[in-house]
Each structure stands twice: as C-alpha cells, then as structure tokens.
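Chemist: Here it is: the structure, laid out below.
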Amino acid sequence: MDTSNSHEIMANETTPLVPTKSSKKLKTPLPKLQIGILMSLQLAEPIASTSIFPYINQLIRELGITGGDDAAVGYYAGIIESLFFAAQVLTVLKWGRLSDRIGRKPVLVIGLSGACISILCFGLSTTFWSLVISRCLCGFLNGNVGVMKTMMGELTDSTNMAQAFALFPIVWCIGSFIGPLIGGTLARPQDRWPVLFANAFWEKFPYFLPCAVAACLFVLAVFMLSIFLEETLPTKRRPKSTLAVLDISSDELLPQQSMAYTPLRALLTPSIVIPIANYALLALLDISFRALLPLLFSTPTHLGGLGFDPATIGSWMALFGITSGVFQALFFARIVDWIGPKRVFCVSVSCYAPLMAMFPIMSWIVRARGEVDYAITFALLCLTGMQLVRDMAFGVIFMFITASAPTNNVLGAINGLGQTSASVARVVGPTLATSLFAVSKEHNLLGGNAVYVILIVLGGGSRWLASQLRDEVQDKEE
C-alpha cells in the first residue's frame, strides 16, 4: 500500500476545505456610502422629536391647559408625547409590509414628508387640540424607523451587523444632543433676541422657530433620499449599480422574487416573538425614563423637582446625548465582539433599576440641602455614566430582531411588527410614567416615589426577559 497516498487522504479528511460554523468568519466590508446616507436620514427624526422636550412643559403651562396647576402638567405632557406612538401603532406595520411590496424608498419619502408637515403644525399650535392633531399626523404617516432598520439588515450580515446597528443609537444620541439644544436655545426667540424677532408673529408663535429648523432638516433628508439612496428590496433593485454596491448576483434574487406574500400569523414564532417582546419592554422603560427626566428637571423644587429652566434642561439632555453617542461610536462594536450580544443586552437592561433609583435620590438631595448645588451635579454625572451602558441595549436588540427574519421578503414585516410593539409600549410609557409622577406627588405615595418603585420592578422584569434570548446572533442561512 502506498503510505504517501494514505497520508494525503487522511490530511484531506481532517483538514476542512471551507470555513465551518465554529471557525471565526471574516468581516464583510460595510457599504459605507449607503449606510452613511441612511444614517443622515435617520438623524432628522431624533432632532425633531427631542427638540420639543425642553419647552413642552412650559408650553402647556402657557396655553392654560392645566388651569394654573403645575402638578397637573405631567398629565398633559405625557398625553402629547404618547400621541405620536398611539397613531403609529395603527399604521407602522402596514408601512413595513408595504415596503416589502413597493420598495423601501417610497415609504421613507412619505414618512419624512409627513414628519416635516407635522412639526410645522406643532410650532403653529395655540391650543391643546392643535397639538394633538399635529402629533397624530406625524404618527399616522411615519413608518421610517422600521423601514430603516430593514434596509440596514439588507445591507449587512452577521459579521458586520454589530458595527452597522451600533450606528442607530449613535445617531439617536447625536440627535438627542442637537435636538434639545435647538429646542432650548431657539424657543421664545423674542425674549433672547428682541431686535431680530420683533415681529408680532414670534410673540403669537414663540415655539415656531425650533420647529421650523427641524422641518428644514426633513426637507434636506427627502432631497438626499431621492437622489443618493439606493433601493435595497431585492425585487426593486436596479439591475447593475445597486448589486455592485452590495456585491450580490442577480441569481440570488430569484428565490426572493418568487416567494409568496407571507401571512402575519406565520411570523409569530418564539424566535421572532422573544426579541420583539424584549424590544417592547425596553421601549417602555426608555420612554418612561425620557418622559420623567425633563419633568423632574422642570418641576419646582417644593414639589420634589429640580426647577431648571428650558435652557438648562436642554444643556443637560444634550450632554447625555453626546456622551452616549461618543461611547457607542468608540466601544459598542468592540464590546459586543468581546463578550457577545446577549451578555451586552443583559448588562444594559440591568442599568434601569439604578437609573430610576437616582430620581428619588436627587429629590431627597434638593429637599435636604434646600438648593441645587454640586451634589446634584455629581448625581447627574452618575446618571450620565449609567446611560452610557443602558443605551447599548438598542443596538443589540435590533440585531436580534433582524437576525430572526427567515428571509428578506418578510424583513419589513418583522421590523414593522417590532416597531408596532415598541410603539404600543411608547404609548403607555409617557402617560403611565408622568401620570404616576403626578399622582405620587399629589398624594405623597411612598413619599412621592411610587412611580420610581413601579419602574424599578419593571426593570427587573426586563432583565429576566433578556435571559430568554438566543445565545448568539445568526445569519438567515444558518
């Protein structure tokens, strides 16, 4: 027997010719131009949505909605902040499914245009009901977030997904930095720059200027979308240019084109439902925190708040946004690669309990010391640090939801379903949190801290639900 041939055969049998699941995959290069354009479009939304936070409570007081009762401001602020998501619940899944049929770009154009019109209407509102209509209009026409996540999923795979989906919270953090600065700085311009804004229009509509600036960003976003962004839906891609960018052959599109319209019921499997449930609870806790933070900042000190003015509120919220954005940009993908997406998510959601505990601690400090001083500044800096870790949860859960799609032709529907669930949570969150805040203060429940105790318990539930996720994010082929 020829021993050299036998050794050669044994070598061939023991040495894999192709990478196995256990071998570490090489990272696929990101299509940076398309992702950069997509993130530029995404930036307009957090800027517009967070720009109202520094002045929304003051606007409600000035409109006379509460009848002079400062403790009731939270009820109405929560309702207005929830209306966008209430309207979005009714349509966001339909926008996601529509994008699976007609393409991602047409749905984005409708959403960005609707957001532009609604923010202008918000700035021109002089009654409670006009505020209601403007927020509902934005929610009805807006399926952008789900469609953008779908496009990101179609531009990436499991090797570069963490790097790409890290950009969503980064962009949100940048928007959360710019938005409050715009809202806090440009609100009531006649008070700050009486010579430049002497016209009676600015006296009648003192909050129109920040809304107009946000609307201009939406106009720019629609322009960029129409000219530069490539379609990512396989059946709507242009045959050459887009495929070259994504490095996909036309043969790969044929199975996608022939697949039937998948019933929604077929998507309700544990591998899809568990990530969506985590996203919904995460959204509930996040929006509750974001609604309570400016309310605590603006509430007078004798009611347990910090008594900040809109400019100070805008500055602190901008600091939270920019520090989190820098942290996500520098460390998110590295941390996910290091300890894994599930562990990152579990650690991140564990931060909600101590975050909520900081609220009564700051109220106690103000009552004990009688003023806002360096102790409150230190507490706010601790709050900032915990937010850095907490914000990683969103990038990770987007990865799990995208990876749960069995095929690309249902990716829009799954992201639409996820966004619907998160929108339901965001409807409940602001109203629940701000109403509990008002009730806790009015009736001195648990020393005025009942709202924080309830949210701390929900944070513990979120940690348990996170443990039910898969251990790894997988490609659809796997």
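A Cβ is built for glycine as well, from the same backbone N, Cα and C atoms used for every other residue.
Keep in mind that TrEMBL annotations are predicted by a computer and have not been checked by a curator.
Pulled these from TrEMBL:
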type	residues	note
DOMAIN	34-474	domain 'Major facilitator superfamily (MFS) profile'
TRANSMEM	73-95	transmembrane segment
TRANSMEM	107-126	transmembrane segment
TRANSMEM	164-187	transmembrane segment
TRANSMEM	207-229	transmembrane segment
TRANSMEM	267-293	transmembrane segment
TRANSMEM	313-332	transmembrane segment
TRANSMEM	344-366	transmembrane segment
TRANSMEM	372-389	transmembrane segment
TRANSMEM	445-466	transmembrane segment
Chemist: Where among 107-126, 267-293, 344-366, 372-389, 445-466 do we find the most Cβ pairs under 8 Å to the transmembrane segment (207-229)?
Modeler: 107-126
Chemist: Under 8 Å, at least three CB pairs between the transmembrane segment (313-332) and the transmembrane segment (73-95) (pairs 6 or more apart)?
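Modeler: No, the stretches stay apart by this measure.
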Chemist: Which bits of the chain, at least 6 residues beyond where the transmembrane segment (107-126) starts or stops, bring a Cβ under 8 A of a Cβ in it?
Modeler: 41, 44-45, 48, 52, 63, 95, 98-99, 133-135, 137-138, 140-144, 147-148, 204-205, 207-212, 214-215, 218-219, 221-222, 225-226, 229
Chemist: What mean pLDDT score does the domain 'Major facilitator superfamily (MFS) profile' (34-474) have in the model?
Modeler: 80
